[in-house]
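Features as listed in Swiss-Prot:
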ACT_SITE  115  active site
BINDING   10, 114  Mg(2+) binding site
DOMAIN    6-197  domain 'UmuC'
SITE      15  site 'Substrate discrimination'
């Protein structure tokens, strides 16, 4: 049986990296992207920050006001989630193109906007040296097409691949083959094991289990009596680098979209619709290549003041036609145009509620 090979791709400080790419004047500065509550200028929490900001002790989840105290010179920006999602969609398409051909999405698993697993067992022929070459190709393509970096972990399962991607951040690649997994895992603090939170780590410490090696060599009966059969067994297996969990894309959670900049800032409906039609065509092409239908249509506009607005329509049935997509997009765009006095700079369309086609191609009854 061929040796399983899994890649975990983790985009480096994703939101902040996109902002640096879009605004080159930010390079060399501490950049903090905040999920703002709107109550005051910096009320809210840090969504992500670049590595320069991290040198000042700024971390995700921290109140923005505290981050400001740690580095008053940092550049604070609001989250532009719709825009980041559109970038993510393109990156996920790149990653899917490298995954093994699989049925029912069992060779690709997107776990967040900036992370995904892909199985390359057959593409790499079970060879970790070839897997490394494929990993380097992925990094090169993402850099060329999106001007962003990622960190990659390659291992015999999801657990090892996920942990390997954290070993050389940012912009690194780490390969952990089966014969090297103990050398990689065992020296680590047990709190570094993927799936172990603060509460479990504290309990393990109370049991004098400090490293992953300590956990791997600990009596499984005692682990089961402390954590229960399922959790105790999992802890023992994880510390030994055992993980048989499959890759599975959750139906309905994925979205496919495109966003682009208009030739000029405008409120001209024909000009905007012309671009929307092209973007919709690209989206339908991606859907057709994977035999998917959709149920949710979302249009995003970014105005000349760089404010982002989105509206969605949920259809009565899953559909897969460009005409239906455009019909919904036109309606949403008309609403935007009737409400806005500020010209649009960028426009995008995306679809969600994805599922495998079941024969129907066009349903206008929504």
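The backbone N, Cα and C atoms fix where each Cβ goes, glycine too.
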Tell me the Cα distance separating residue 114 (Mg(2+) binding site) from residue 15 (site 'Substrate discrimination'), rounded to the nearest angstrom.
9
Most Cβ neighbours within 10 Å, among the recorded positions 10, 15, 114, 115, goes to 15
Just the number: how many Å between the Cα atoms of residue 10 (Mg(2+) binding site) and the residue listed as 'active site'?
5
